[in-house]
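**Q** Here it is, the structure in full.
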Amino acid sequence: MSTNWRELFPTKLTFVIFLLYMSLFIGQGIFVTASQESNNSYGYNTVTVVLLTEVFKLIVSTCLYCRDNNLRSLVRDVQKDRNVLGLYMVPAFLYCLYNNLAFVNLATFDPTTYYLLLQLRVVVTGILFQIIFKKYLSQRQWISLILLTLGCMMKQVDFGSFYSDANDDSESAAIQHQLQSHNKTTAAGTNAHGKNMSGFDFSLSAVFILAQTICSCLAGVYNEYLLKDKGADVNIFVQNVFMYLDSIVCNAVILLLRGELIDAFSPQNLGSIMRFSVLIIIVNNAAIGIVTSFFLKYMNSILKTFASALELLFTAVLCYFLFSIPIYMNTALAIAVVSYAIYLYTQSPVVNMGKVRPLSTLSDATTKSTDKRKLLDEEAAESDLDMV
């Protein structure tokens, strides 16, 4: 079978969204790693950064909505669809946990290992997708999902056990050699030290990465359900406003529970955030949130997991040049299997548009479905006249 590009990307704009989504996520892992101190900690309050990111997303979404409307219209739409606003509290809470756990896990894992372990969400997403949308995956689609998961698991295989100690060129042996040569390491490579580069080690870090994986699966599929079903008639920027309002509340609650709500916005803490290395995280993550809403509305969460898997290749190469984090045998094999799984999936992709029409231009995204139905009726009437 040949690759079915038309089903993967119904329009050229959806392909652009796909590429943009990958690029922004690759940048996020690298930007967060680059902002860390020499001991892999953060010199700023990460929850405050997530909260400010949600505020920035809210401002951008409001501005995009107001290009063709006004604030009074926005308030009216929010009041009219306030039941959808309540439904968005579920994915907002899950994304809140996901975004905060991202900082915790990137302090423990190097970016390549981090993205590989997150791919464990693929099969879980497939199961949730079938339950929520009642669209059952084909045998070929399940094989590609399972291969993708197995490829991610290869990251933690210690190939050094197949060699003698003298010829051990495995990742674990290389890491030991790297730590012994600490004084000879370049300054750019210091971020690799102290990082878990071999996968799960059955510690608290494994619990955190599993929690982030589950949050990602539930949030992604449920958000797609809201975008395509319950909120299909709601302007996408209004839906984003719902999401970010709820996310701001969730992050504020976390700061309150930690007793940091007031101190988080002190001049000292805000000063630590007002650096380029941190501001770029806020801007990039805000762009991720908005692009993800378009991705889930006009494509689907299954394709989203494959886009995340493609990030592995680019992340591994960029981290090699930026942070001197080597690409070992198990990482290379994992990426190879993941790449084949993606190729297999492209031959029989999932199609799930729900109540949404394919996106051709950005102006289509802001048009309500009621307006679209009127447009279709007018086109049908014109065609009937032509036939007469």
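Backbone N, Cα and C atoms are what each Cβ position is placed from, and that goes for glycine too.
Note that the coordinates shown come from a computational prediction; the quantities given were computed from them, not determined experimentally.
So TrEMBL lists the following for this protein:
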type: TRANSMEM; residues: 12-34; note: transmembrane segment
type: TRANSMEM; residues: 46-66; note: transmembrane segment
type: TRANSMEM; residues: 87-108; note: transmembrane segment
type: TRANSMEM; residues: 114-133; note: transmembrane segment
type: TRANSMEM; residues: 145-163; note: transmembrane segment
type: TRANSMEM; residues: 202-222; note: transmembrane segment
type: TRANSMEM; residues: 234-256; note: transmembrane segment
type: TRANSMEM; residues: 276-296; note: transmembrane segment
type: TRANSMEM; residues: 303-323; note: transmembrane segment
type: TRANSMEM; residues: 329-346; note: transmembrane segment
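In terms of burial and nearby residues, how do these features look in this structure?
**A** For the transmembrane segment (12-34), the residues of the chain that approach it from at least six positions outside its boundaries are 102-103, 106, 110-111, 114-115, 191, 277, 280-281, 284-285, 287-288, 291-292, 294-295, 298-299, 303-304, 307-308, 310-311, 314-315, 318-319, 322-323, 358-362, judged by C-beta separation under 8 angstroms.
Beyond the ends of the transmembrane segment (87-108), by six or more residues, the same chain brings 28-29, 32-33, 36, 40-42, 46-47, 49-50, 53, 114, 195-196, 205, 208-209, 211-212, 215-216, 218-219, 222-223, 226, 230-231, 239, 242-244, 246-247, 249-251, 254, 285 to within a C-beta distance below 8 angstroms of the stretch.
Panel annotation: around the transmembrane segment (234-256), residues 47-48, 50-51, 54-55, 57-58, 61-62, 64-65, 74, 77-78, 81, 84-85, 88-89, 91-93, 95-96, 100, 223, 226-227, 264, 289-290, 293-294, 297, 365-366, 368 of the same chain, lying at least six beyond its termini, place a Cβ under 8 Å from a Cβ of the stretch.
Packing against the transmembrane segment (303-323) from elsewhere in the chain are residues 8, 18, 21-22, 25-26, 29-30, 33-34, 110-112, 115-116, 118-119, 121-122, 125, 145, 148, 151-152, 188-189, 191-192, 220, 292, 295-296, 331, 334-335, 338-339, 341-342, 345, 349-350: each is 6 or more residues past its ends and has a CB under 8 Å from a CB in it.
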**Q** Which of 114-133, 202-222, 276-296, 329-346 has the most Cβ pairs closer than 8 Å to the transmembrane segment (46-66)?
**A** 276-296
**Q** What same-chain residues lie close to the transmembrane segment (276-296): Cβ under 8 Å, and 6 or more beyond its ends?
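**A** Same-chain contacts beyond the ends: 17-18, 20-21, 24-25, 27-28, 31-32, 34-35, 44, 49-50, 52-54, 56-57, 60-61, 64, 99, 220, 223-224, 227-228, 236, 239-240, 243-244, 303-304, 307, 359, 365.
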